[in-house]
Amino acid sequence: MEVENKLNRMTAAGLLIAIGIVYGDIGTSPLYVMKSVIAGNGGINTVGRDLIIGTISLILWTVTLLTTVQTVIIALRATNHGEGGIFALYALIRKKAAWLVWPALIGGAAILADGTLTPAVTVTSAIEGLKGLEFGKGNVPVSNQTTVLVITIVILLVLFSIQRMGTRIIGKAFGPIMLVWFAFLGVMGLINIGGNWWILQALNPYYAIKLLFSPYNKAGFAILGSIFLATTGAEALYSDVGHVGKGNIIGSWPFVFVCLSLNYFGQGVWILNNTNMHSATEINPFYAMIPENIRLASIVLATLAAIIASQALITGSFTLVAESINLKFLPRMNILYPSDERGQIYIPAVNKMLGITTIALVLFFRTSAHMEAAYGLSITISMLTTTILLYEWLVLKQGHNLANLLFVIFFSTINILFMGSSLSKFTHGGYVSLLITLLIASVMVVWYFGNKVRDQNVAGNAYVRLDEYTDMLTNLSHDDNYPTYSDNLVYMANVKYNKFIKREILYSILDKRPKRARAYWFVTVNVTNEPFTAEYAVNTFGTKNVINIQLYLGFKKQTSVNVYLRQIVHDLIKDNTIEAQPQEYTTTPGRDVGDFKFVIVNDVISPSTTLSSYKKWLVKARVQLQNLSLNPAQWFGLEFADMVIERVPLILGKQEPERIKRVAPVDYSKASLNKK
């Protein structure tokens, strides 16, 4: 309750932070929305008053319905301990029905796909404003698209390279910069409106509906694909509620909406006053309506806004992946914390994939106009899936009623219309967005359902009580019939409730070739919410050589298990919890600790598994993903330790070994090797 009250609170500082973090994507939409509409209708010299008024009406009512109503008014109510976003929403309702995992997986994959497209299209659109701009007398340094691409790629390379340092310092400038940006949008819009208040007819939704069926609209319903670009970024208002608070989003949105609306009004008036321009499709009304003496400053400001929008998407992608890992949608990855706040994270693997994909998209599409064809489709998918999950949440809270039914029908219809119009651009680049979404969704499906199949079909008991095997381990430790495998045999094992351990761990010690050791260590690493926690707890089960260690490490601490364990051993020997391990041959006089061997146990599917081909493939693919996702030596800080990775059979399904029939040996008593 205290968390909810804090998030509902609105403060001046909170409003500024919200403007800097939440609205980057939707705030850069004026850079390309009207340009895309004009290009789709044949160029500026072919448009008329009905088209412009209808277009602006469509933009305003799309933003009103999808951003203001669906997101700000409805979605912000569905928070999970103050956190928002599609995965937080899914976590609230996942027990309601098993099928809800599908819209969550697909929607999450679509948002991650958008994380590659947003930096590409926003930065390219901003830099394209430099093309043809004179610096001094007749000096045009950016005269072609190749130069635009070079500048764009350099900016993106710098942006992705600095992610490891976090955004704590530069993030403080986001709010003031975006505040200036939105004020600039509003002022430029007002200046270009002048006395042409007839443009306010666009506030009437009649003109929006009329345009869809008007002969002046050469694009037909496909125009919605361009219109939808005005609301991309609406999902950020929901996903970032945990960072900035519900009250600050609700309080700052009216200012942002007014500034955006004024700019679209201004662009509309400027277009109708300049329909005699010779350029058919290349003109960008956003830059064209800005006075030449401040155009360079506007490009710098637009570039900063584009970078902030991209930064917000990158940071959001890190958060989304971390949530996916917690929900077992994605395999474990190396997560770093550049600051002392756990909310600020950096995932090297995700950063690398985002950077490579984004730059590849820039090189592939080359212009922002081509990128716009791919942009938007993935977001229509995420909005539709969020609508489905929101409906289930409303039913969970309020039960089945007419209002909830009308909500899902109305907003699903709108989202499907936008998705259909975006699909009309499929062959022009939309397929790229869909391919990225499908690729990410495929990884999630394999990991989630592979885990599910494995957990449902593990033969026998997956976990056993460690305390039931302590006598056997103690006897093996003193059994001279077996050579000593190591003084200290350490298994990185997730011991649950301080006593339950995976059967495969004990299988590795006892069933393969019995591994004799002076001491058996079972280490569990627990990451805490505090940044610098460094604690451990010990349970020896009443023995001197079977030790369960629970490590509690802060999220900023390195997982250096090798270093921590040596200190723990010395502590336990000192207080006589375990026996000393004096060494006869050593370069360190008085050394009383022996050698360590660390064991990581990986699963391989046993040939005895009786699952269907599809389920067997799922589990195999899941194992491959686990092997590719993170090097266990790096994760546990064992790069310089004596470590082995063992494979143990994973037996799934019913055990029905094939019986082979015994027959009498063939009688060769009369056979001869001599040929006659």
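Yeah, the Cβs are placed from backbone N, Cα and C, and that goes for glycine too.
Some features that Swiss-Prot has for this protein:
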- 14-34: transmembrane segment (TRANSMEM)
- 56-76: transmembrane segment (TRANSMEM)
- 97-117: transmembrane segment (TRANSMEM)
- 142-162: transmembrane segment (TRANSMEM)
- 173-193: transmembrane segment (TRANSMEM)
- 219-239: transmembrane segment (TRANSMEM)
- 252-272: transmembrane segment (TRANSMEM)
- 296-316: transmembrane segment (TRANSMEM)
- 345-365: transmembrane segment (TRANSMEM)
- 376-396: transmembrane segment (TRANSMEM)
- 402-422: transmembrane segment (TRANSMEM)
- 429-449: transmembrane segment (TRANSMEM)
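Contacts between the transmembrane segment (296-316) and the transmembrane segment (429-449): absent, as fewer than 3 C-beta pairs lie under 8 angstroms at sequence separation of six or more. Only residues 6 or more beyond the boundaries of the transmembrane segment (376-396), in the same chain, are considered here, and those with a CB under 8 A from a CB of the stretch are 66, 70, 74-75, 78, 86, 89-90, 92-93, 96-97, 100, 103-104, 106-108, 110-111, 113-114, 117, 225, 228-229, 232, 234-235, 238, 404, 407-408, 411-412, 415-416, 418-419, 422-423, 425-426, 430, 433-434, 436-437.
The stretch in closest packing with the transmembrane segment (142-162), judged by the count of Cβ pairs under 8 Å and taken from 173-193, 219-239, 252-272, 345-365, is 345-365. Below 8 A, the CB atoms of the transmembrane segment (219-239) and the transmembrane segment (429-449) form no more than two pairs separated by six or more positions in the chain, fewer than 3 in all. It is 429-449 that, among the stretches 14-34, 56-76, 252-272, 429-449, forms the most Cβ pairs under 8 Å with the transmembrane segment (97-117). Beyond the ends of the transmembrane segment (173-193), by six or more residues, the same chain brings 16-17, 19-21, 23-24, 27, 30, 167, 199, 255-256, 258-267, 269-270, 289-290, 298, 301-302, 304-305, 308, 311 to within a C-beta distance below 8 angstroms of the stretch. Long-range contacts of the transmembrane segment (14-34) within the same chain, counting only residues at least 6 positions beyond its ends with a Cβ under 8 Å from a Cβ of the stretch, are 55, 59, 63, 67, 118, 121-122, 125-126, 171, 173-179, 181-182, 185, 226-227, 229-234, 236-237, 240, 243-245, 247-249, 251-252, 255-256, 260, 263-264, 267-268, 271, 284-286, 302, 305-306, 308-313, 368, 372. Residues 101, 105-106, 108-110, 112-113, 116-117, 324, 328-331, 357, 361, 364-365, 370-371, 373-378, 381, 422-423, 618, 621-622, 625 of the same chain lie 6 or more positions beyond the ends of the transmembrane segment (429-449) yet place their CB under 8 Å from a CB of it.
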